[in-house]
Every structure is written in C-alpha cells, then in structure tokens.
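For reference, the structure discussed in these notes is given below.
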Ligand code: KG4
Ligand code: ZN
C-alpha cells in the first residue's frame, strides 16, 4: 500500500496531496490572489507565495489524510513545464523532504499528470484513449497509449485555449483569471448571438491568435458605435466566444478520434472546467457512440492529486529520480 506525497507548484497554485494505494485521501490547494491586481500571474510574486504556502499546504494534506510524515513511501513533484521560480520551490521542498526522511523522489510531467487525473476514482479510461488537454499554457490532443506513453498528435501553433479565454476577458475589462468569468456570464447568454471565425488550420493543430484579434476588432468597432456595448451584451458576447472556442476544440477532437479509430475521449486541464466545453464533449460522444471522460472540477485546474496519482503509477514501475534533479520550464511529453 504505497503512500505517496504529491507536490504541485508549476504556476500560481501551491498544492499538496496524499495518495494511498492509488486512492486520493487529501488534496489541499492554496490559491494565490495577489496576481488579480496585475491582470496576470507575476512569476516573482508567485515564487514568494509558494514559499509561504508550501509547508502549511503539506501539513494540512497530511492532517486531512490522517497520515503521519513517517508513513510516506515516496515524494512525487512537478518537474515541469511551468514557471521556473515556482517549480523551484516545489522541487526544492520535495528534495529536502526526501533527503530528511530517506525517501525516493518521483519526478512528474505536469501535462501528463493532467491526463492521469482520470485514474482517480472508479470511472477510468482504457488504453489507448484520446485526451484533449486544455490549459492556460497548452492546447494538445494526446494519444494516450499507456500511463507514461503519450503522443501529442495535435497542438496549438500560437495561443492556448485558456489564453484565448483570459485575453478575451481582458478585452472585456473583466479581472484575471477570466476563464471562469466567461463561463459564468455565458450561462445567461445566447451562444449564437455573434459569429466569430473558425481558423482554417490543416491537420489536428490549433490556432487561437486570429480569433483573439477578431474578438478585439469586434469589440473595438462596436464600442465605437455604442459605448455601452459590452455592459449591455456581456452574456451574449461571452456565450458566443465560449461556443466558438469549444467548437474549434471539439471539431479537431472529432477528427482525431475518427483518424485514429478511438472511442474513449477525455478532457483535461483548467479549461476542462468550462461548462460549454464539458457539455459539448458529452453531446459529441453521445452522437458518435463514444465514451466521454470529464474530470471532477477539483481535478481540472492545477492540483497535487494529479501529481500524487501519477507518482503512484511511476512508483509501481520503480522509476525514481535522484537528488541532482532540477526543474524544467519547458518539457516535452
Ligand atoms: O491547468 P490550469 O489550471 O493551469 C495551467 O496549467 O495553465 O489552467 C488555467 C486556465 C486559465 O486560462 C483559466 O482561465 C482556465 O484554465 N479556466 C477556465 C475555466 N476555469 C479555468 N476557462 C474557461 N472556463 C472555466 N470554467
Ligand atoms: Zn495545469
């Protein structure tokens, strides 16, 4: 019954989790509100807040799981990709903890962990399956052949889907992070009110920078005619943008499933919390007779439970890291 402590600190969430024999017993997430004032994550501030939060987060995770630090068998941590200073805090903590307790270390790729979050709980996909991983920094269609055998078959050529959400919200004058607010306003709006362009990118790749520019010009032109355009039409604008982002993502996902003949389709990453995208995937799968895998809300945005579960599977494989390991801001699958 391996007991794994998981640590996540790649961006602006400090998180710790305890996984016992593949079951998540705690998942503590300390959010950083300091960035709201700046309209985006400030890397230097993020590192400092991680330093303040990491010890209390781990203490709380152990307490919630009713596990003592002497019960831990291995420490899993996010090695990358992410903000280097933020990663350094989690990696240094994990190394110090492992050294003090003579425990093995397990390095985890954050993007793989988002996908492996589907192995928390009972509704687990069967290999091979497809996963659309959509976060603030990544947009990928991944062919998942095994726990750590993943192939990116489509990705964004410029902005990520979450970035498109966040930049739209900035254009609309909403605070950061904008994705959850676009989701909130979209629920009261008409998704067919405005038509935004669908980029014509060959194959399974994505592009969101043209859409961002189209939204920017659309808002600028309408506000020039009517200064109250945004406040009078916010729900319809949000619903229409959300619909377009979701259809761009789902059209490519459908194409990927057809090309690879795969009938198990998963969503992962922060944007998988989006209501329109979740409902859209369910409809797409129902229409095609495919099975959809949609993570619970607490496992969509960054969390250490996904690091702990990924750590559990690596522990079973006997793959450990040494004390010389360093974080990586960029990391491929
Ligand atoms: O995976 P994540 O927590 O962090 C990264 O690894 O980047 O993803 C964060 C992204 C942000 O762009 C945020 O706006 C977006 O996920 N997001 C959402 C929603 N919740 C978070 N986008 C749309 N609708 C949501 N409900
Ligand atoms: Zn993430």
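Note that Cβ sites are derived from N, Cα and C of the backbone, with glycine treated the same way.
Note that the coordinates shown come from a computational prediction; the quantities given were computed from them, not determined experimentally.
Annotation source TrEMBL lists domain 'Gcp-like' at 23-308.
Among the features that TrEMBL reports, Fe cation binding site is placed at 110, 114, 302. Classification of residue 302 (Fe cation binding site) by DSSP places it in coil, neither helical nor stranded.
Secondary structure from DSSP puts residue 137 (substrate binding site) in coil. On its own chain, residue 137 (substrate binding site) has 11, 81, 160, 162, 163 as residues at least 6 apart in sequence with a Cβ closer than 8 Å to its own Cβ. Annotation source TrEMBL lists substrate binding site at 133, 134, 135, 136, 137, 166, 179, 183, 274.
For residue 114 (Fe cation binding site), the same-chain residues 6+ apart in sequence whose C-beta sits under 8 angstroms from its C-beta are 133, 135, 268, 269, 306.
Whole-number maximum of the Cα to Cα distances across the substrate-binding residues 133, 134, 135, 136, 137, 166, 179, 183, 274: 18 angstrom. Separation of the C-alpha atoms of residue 274 (substrate binding site) and residue 302 (Fe cation binding site): 14 Å, rounded to the nearest whole number. Residue 302 (Fe cation binding site) sits 14 Å from residue 179 (substrate binding site), counting Cα to Cα. Of the recorded residues, residue 110 (Fe cation binding site) and residue 179 (substrate binding site) place their C-alpha atoms 20 Å from one another.
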